Amino acid sequence: MRLLFSFFIICSILINNIHSTFAADLDAGEQIFSANCSACHANGNNAIMPNKTLKNEDLLKYDMKSITAITNQVKNGKNAMPAFGGRLSDDDIDNVANYVLSQSENGW
C-alpha cells in the first residue's frame, strides 16, 4: 500500500511539472515581451547593463537560466529593472519567462 501511495505521489509531481512546462503560451509571451520588455531588451540585449543580456551564455553566467529565476526577476525587479508583479498577471509573467528562455536557447 505504501509503495502504491508513493507511486501516485511521484506521478502527480511529474504530471504537474510537465503540465506547467507545456502550459506556457510562447505567442502570448512574445506579445508581452514586445509591449513591456523590448525597449530595454530588444533582440535579447540589455540597453541599461550591456553585459547582462538575455542571451544563453549570460543567463548561464548569472544563474538566470531557469523559468523560476526569470519569473522572480520579472515579478520583483532587480537593480535598474522595475518589478512587473503588480502590472502583469502570473500567467503573463510565466508566458514571458518561457518566451525569454526559449529565445535564449534558440539564439534570439
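Glycine is treated like the rest: Cβ placed from N, Cα and C.
Record features (TrEMBL):
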type    : residues                   : note
BINDING : Cys37, Cys40, His41, Met81 : heme c binding site
DOMAIN  : 24-104                     : domain 'Cytochrome c'
SIGNAL  : 1-23                       : signal peptide
Inset, instruction - Determine, for the heme c site, the additional residues of the same chain whose CB lies within 8 Å of the mean position of the CB atoms of Cys37, Cys40, His41, Met81; present them in sequence order. - result: Asn36, Ser38, Ala39, Asn46, Ala47, Ile48, Leu54
Legend entry - Helix-strand-coil residue split for the domain 'Cytochrome c' (24-104), DSSP-based: 49 helix, 2 strand, 30 coil
Inset, instruction - Determine the most Cβ-crowded residue among the binding-site residues Cys37, Cys40, using a 10 Å radius around each Cβ and all protein chains in the structure. - result: Cys37
Legend entry - Pairwise Cα distance maximum in Å, heme c-binding residues per record: Cys37, Cys40, His41, Met81: 11
